[in-house]
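Annotated active site, nucleophile per Swiss-Prot: Cys212, in sequence order, evidence recorded as a curator's inference. Sequence annotations record features per position, and here Swiss-Prot assigns S-adenosyl-L-methionine binding site to Cys91, Ala92, Ala93, Pro94, Gly95, Gly96, Lys97, Glu115, Arg120, Asp142, Asp163, Asn169, Arg189.
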Amino acid sequence: MMIVYKGEKMQFIRVNTLKINPEVLKKRLENKGVVLEKTFLDYAFEVKKSPFSIGSTPEYLFGYYMPQSISSMIPPIVLNPREDDFILDMCAAPGGKTTHLAQLMKNKGTIVAVEISKTRTKALKSNINRMGVLNTIIINADMRKYKDYLLKNEIFFDKILLDAPCSGNIIKDKNRNVSEEDIKYCSLRQKELIDIGIDLLKKDGELVYSTCSMEVEENEEVIKYILQKRNDVELIIIKANEFKGINIKEGYIKGTLRVFPPNEPFFIAKLRKI
């Protein structure tokens, strides 16, 4: 099954509260002609109108905000990191969710941000530096190989974010079309990564799995796979009514979430190691 949404793209910004108060930034941008609308998050706004690219302002360069979809802000919120947590971000670039986690942790605790691509690792480093993040270790490695080092040294995590590579990333590339083979490849890789993630969790640790794909094979089927394969993991119920103003509904597995257009499509599930 291939689902492609090509409607009008909504634009949002996440205010970096490590550097600036949301209302202060809102006034600065509105004074420049940007029209902002509040969301369910007091530090996120929808950009209704802007006389210039929202990614080319002094405020952006100062690290006062991150342009990203409201959908992509949900996984870090669902993971709900504490200030003293030891966290793994398995597929971290370009850093929107990594820097969001750091913001929620108030730059405390420790985040290990892993990215397989050298090029994307540069973007990750750039965003972490721009946003003033101080609690993050960046690792340029293949998670499928890096896990051997972690397991050998008995390094386990309180919480893990797996925002998995998916066919939704291919859709964003205007020069490519998604094929059934792309979906199958992504699904196999996602199953491998989520299995690794559970291996690296401490007992009672939690993992949030997310994609920007609409395909069942990359979402519910991945969760079904890991729940059937392992007896040391359980699904944690997420409630859709916590995210007001978004077209969000329960997924095809009870307790999972799906975000639908006009918001950026997303799937979110939460697991606990038992």
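In case you wondered, yes, glycine gets a Cβ from its N, Cα and C as well.
Across the fold, the C-alpha of Cys212 (active site, nucleophile) and the C-alpha of Ala93 (S-adenosyl-L-methionine binding site) stand 14 Å from each other. By a simple count of nearby Cβ atoms, those within 10 Å, the most crowded of the binding-site residues Lys97, Arg120, Arg189 is Lys97. Within the group of binding-site residues (Cys91, Ala93), the Cβ with the highest number of other Cβ atoms inside 10 Å belongs to Ala93. Neighbour density around each Cβ, counted as other Cβ atoms within 10 Å, peaks among the recorded positions Gly95, Asp163, Cys212 at Gly95.
In the three-state DSSP assignment, the secondary structure recorded for Cys91 (S-adenosyl-L-methionine binding site) is coil.
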